[in-house]
Amino acid sequence: MERPGEGEQLPQQQPWGRLLRLGAEEGEPHVLLRKREWTIGRRKGCDLSFPGNKLVSGDHCKIVVDEKSGQVSLEDTSTNGTVINKLKVVKKQTCPLQTGDVIYLVYRKNEPEHNVAYLYESLSEKQGLTRDSSEANKENVFHVTKDTSGAGQGDGPQVLPSSPATQGCFEEPQPSTSTSDLFPTASTSSVEPTSAGRGPPSSSDGEPHLKLPVLVADQCRDAQASLDVRAAATKPDKMEETLTCIICQDLLHDCVSLQPCMHTFCAACYSGWMERSTLCPTCRCPVERICKNHILNNLVEAYLLQHPDKGRSEEDVRSMAARNKITQDMLQPKVRRAFSDEEGSSEDLLELSDVDSEASDVSQPYIVCRQCPEYRRQAGQPLPCPGPGSEPGAPQAPSEAPSTSTSVTTAQDYVCALQGSHAICTCCFQPMPDRRAERERDPRIAPQQCAVCLQPFCHLYWGCARTGCLGCLAPFCELNLGDRCLDGVLSNNNYESDVLKNYLATRGLTWRNMLTESLVALQRGVFLLSDYRVTGNTVLCYCCGLRSFRELTYQYRQNIPASELPVAVTSRPDCYWGRNCRTQVKAHHAMKFNHICEQTRFKN
């Protein structure tokens, strides 16, 4: 913690308040508030600075005094808010301060040793308190003695953070402002009324502490209003919470995302973290890759355009740029950690995250599929697996899905090695044994990936369990593309697609018949595909198969003789842009021009 030197303050300025650190060691000096606006934060330029405490925001809050009325208030400028007497004040909110208020810059319910709290005392001239007298009588503002005539000066002060008299003032709905009736009858001790002649003495009698009852009366008068202000705290900015880095507790800056968990942090913050841990600070998942998150960076930039006051200082930006060691998408570097992943500040960072405690368990289990020994033992089933899709206790493939090839038998009796490699099906997101390398040596093993996009799919291995799956992986000639595969099949041109559907319907043909004829033409070299590797026997996923099917469908429609089509279709002029026309998705343009042709205008 850093405080500015006494020499920085003008000698004629008298302190109007002070902050006493709660839990401080004996002899630690208190903070005297001299300036009209006193800033608190992690930034070194703050009047009260905590440069080494990451739980404190760069500009956390400021305490301001109104020179005319003497009213003191705290305005929050932090990310997580400031707690005053167990009531949270969020960013942009202002809360009036009174003597005895406890200000928590950091409040950790389960880890009180991390709390940073101060007790506020008013030393304003209206109360007649000088710096020296406040040092000798700092507890006097927390209690009111029974005798208010001034004889109580010799009584020993009672160290009461919240005395019964003060509590009584907060319980009184409308406390009296008369000096003869300062204290409500709800107080636990009887209070003798003060005569009218015993008003507050003048400043010449040398007893400034006798004005303390007036302070308490002012507190009582404003107590209800203060509580109403604190209770009316608005909800925090949800967008700001979403765009907050859990490490620095500030808006994301040059953020990066971790794969595969996709949690996001400032590049500078994670640069320091990855030097000692290869696990994600939020979920403890092993990090495989680090990537720039351009979408979130754009969102932060747009948010700061609307809220420029929430941006980082230039000094903070330069510091983060110097600490940033992630300059491009890269694999998680192999680092030598100075301590265990479970030690040190990692637990503090985990506490700051919004994840559930169960999700932050450091003992992440490895993937277990239906053919793993662990899965069998947990389910109480014998290790040998039954046939694909008929395994007890496993979800069944839907009835509309094509059956897995019966020629594949090696998957039935396979048992995974302990902590063996697994692949996640792109369709149902369920794990399966990764036997793709083994298939290169033994073709009897069922294919587990698409030959074009190389994404893993489980349908041919044991039957995909996702509801509505039509067979996510199959040879091209066996793919089930569904009854709606002809909708917009010709460049999303519904008119041309309807012409083709009517042509097939009048001849009693289906899309399967058309696919079979097209594959024969492909084999003979009449039709061509953009991916020359694809044949009728190529194992494709649904998406890659549908894309190749659309290419063949266009060539099939192009080869239909004009005599077999309606006159209204063949009499249309060709569009200049042909099959590449971007306006053909509009019904009027599609009906007016033929788009089963090549582009003839502006063609490079």
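Note: Cβ is positioned from N, Cα and C throughout, glycine not excepted.
Remember, TrEMBL labels are computer predictions, not curated facts.
Per TrEMBL, the range carrying the annotation region 'Disordered' out of 1-21, 64-84, 337-357 is 337-357. Secondary structure of the domain 'RING-type' (245-284) per DSSP, as helix, strand and coil residue counts: 8 helix, 10 strand, 22 coil. Counting residues per DSSP class in helix, strand and coil order gives 0 helix, 22 strand, 30 coil for the domain 'FHA' (38-89).
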